[in-house]
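Pulled the feature table from TrEMBL, pasting it below:
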- 1-20: signal peptide (SIGNAL)
- 124-213: domain 'Ig-like' (DOMAIN)
- 216-292: domain 'Ig-like' (DOMAIN)
- 308-329: transmembrane segment (TRANSMEM)
- 385-420: region 'Disordered' (REGION)
- 390-400: compositional bias 'Pro residues' (COMPBIAS)
- 408-420: compositional bias 'Polar residues' (COMPBIAS)
Amino acid sequence: MEQVIMVTLILALITGFSQEQNLLPPGPISGEVGNSVLFTTIPSSQPIRGIRWKFSGNDVVNYSHSGPETVNPIYSGRVFLNSSSGELELKKLTLADSGEYTLVLTFESGLGFQDNTLLQVFEPVFNISIRGPEGNLIENSSVNFTCEGNGTISTTLWKKGMEILNSSSSITFLDDNRTVVFSPLLRSDSGNYQCVMNNPISNGFAGYNITVNYGPDVRMLGVQTLEEGSDILLFCSSKSFPPATVSWTVKGMSFVNTLLYVKENSNSSDSGNYSCTCMNKVTGITASAFLILTVEVVSSRLGPGVEAGITLGVVIALVLLLMLTFFLVEHFKKPAGPVREAQAPMTGIRTNPTFDDMNAGARTPVTTTGITHNLQANKEKHAKYINTPPSLPPRGPPPLPRDRQTQESDLYSRTIDTFK
């Protein structure tokens with residue numbers, strides 16, 4: 001043992017042992033209590049002649065290719081050294097193993113180098129919980145919530161829902177973020193919260209639901225002026241948690257325990273003061289809203305019977321007007337055209353002239369059935385009717401039939417046959 005140490009010291013003096021080189025990856029190295037940790041090295045092309053690991057100035061393990069490996073009794077059964085690379089495995093970690101470790105390597109060339117790294121050993125985080133005030137949480141009060149846990153706590157983080165909770169004018173963090181203070185507590189602070197505690201090797205969290213009781217904030221919604229006969233609809237708007245109880249006061253009388261007040265077919269006696277009162281049994285707050293309602297009387301409004309009578313009278317008047325118009329139009333209608341009539345005195349029995357008489361003009365009298373007429377005289381004395389339509393052109397006389405040659409003997413014979 002003494003010979004190995006002497007050889008190492010001599011090599012250090014010869015090679016200038018104070019030189020430092022990157023033999024280890026950047027640290028720190030994290031380990032969990034009860035587990036193992038491996039100190040890795042950066043590979044080198046030079047053959048290693050001697051290896052020495054130290055912790056806080058004390059040897060952990062020492063190796064030389066010319067002698068046996070030596071281990072500090074404190075670490076007996078807990079270390080394993082790789083003689084070809086210089087890597088060291090430390091088992092069954094305890095919190096006392098945290099600190100700075102130094103590696104010293106000696107190469108076949110006679111050069112020696114050393115490097116340092118930091119080991120941090122942590123207990124796992126467990127048993128996380130949140131401690132809050134007892135009783136109901138009331139808006140505008142001040143409350144504290146504290147996150148507690150076991151193990152090695154490196155950091156503490158608060159979250160609301162999925163968002164990180166940050167400090168604000170009403171939110172303050174104390175004791176390395178383990179305590180959060182709400183002052184004042186707002187109704188918007190209601191929600192699910194998480195406290196997250198962690199260290200490099202483990203983490204844990206706990207949840208807490210915050211319910212803020214508030215209100216009531218009361219407001220009345222409705223029309224202030226309406227006509228007689230209209231329905232009264234008033235709504236009592238109450239922002240409150242838990243929901244507040246509601247009561248109405250109408251012209252000094254209290255009744256109705258609903259948010260909506262309804263009265264059908266209002267009249268002037270319904271005018272007056274209306275109020276709704278809300279009470280939150282948890283916050284102990286009572287608030288009211290008021291409204292002055294006016295029901296106006298409409299004097300020009302007629303009853304259903306009067307309105308029906310007016311409608312019927314208008315219909316009858318229209319019918320009479322139509323009948324009068326039709327009568328006047330028919331009475332004063334203009335005739336189609338003038339009719340002129342001229343009469344002539346008649347003597348004896350009138351006999352229509354024959355076609356022969358009209359064509360022959362004045363002829364000798366013809367005796368028929370013992371009666372003699374002067375055809376020419378009758379033609380002159382015959383009554384004439386002249387009707388000339390204004391819209392038709394004058395028409396000429398109809399064509400006369402062809403003259404027939406009749407003998408007087410034939411006429412006489414036909415007459416005698418008639419009276420047989």
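For all residues, glycine too, the Cβ spot is worked out from N, Cα and C.
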Over the domain 'Ig-like' (216-292), work out the mean pLDDT and round it to an integer.
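On average, pLDDT over the domain 'Ig-like' (216-292) sits at 93.
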Write out how many residues of the domain 'Ig-like' (216-292) are helix, how many strand and how many coil, based on DSSP.
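Helix/strand/coil tally for the domain 'Ig-like' (216-292): 3 helix, 48 strand, 26 coil.
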Write out how many residues of the domain 'Ig-like' (124-213) are helix, how many strand and how many coil, based on DSSP.
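Secondary-structure breakdown of the domain 'Ig-like' (124-213): 3 helix, 52 strand, 35 coil.
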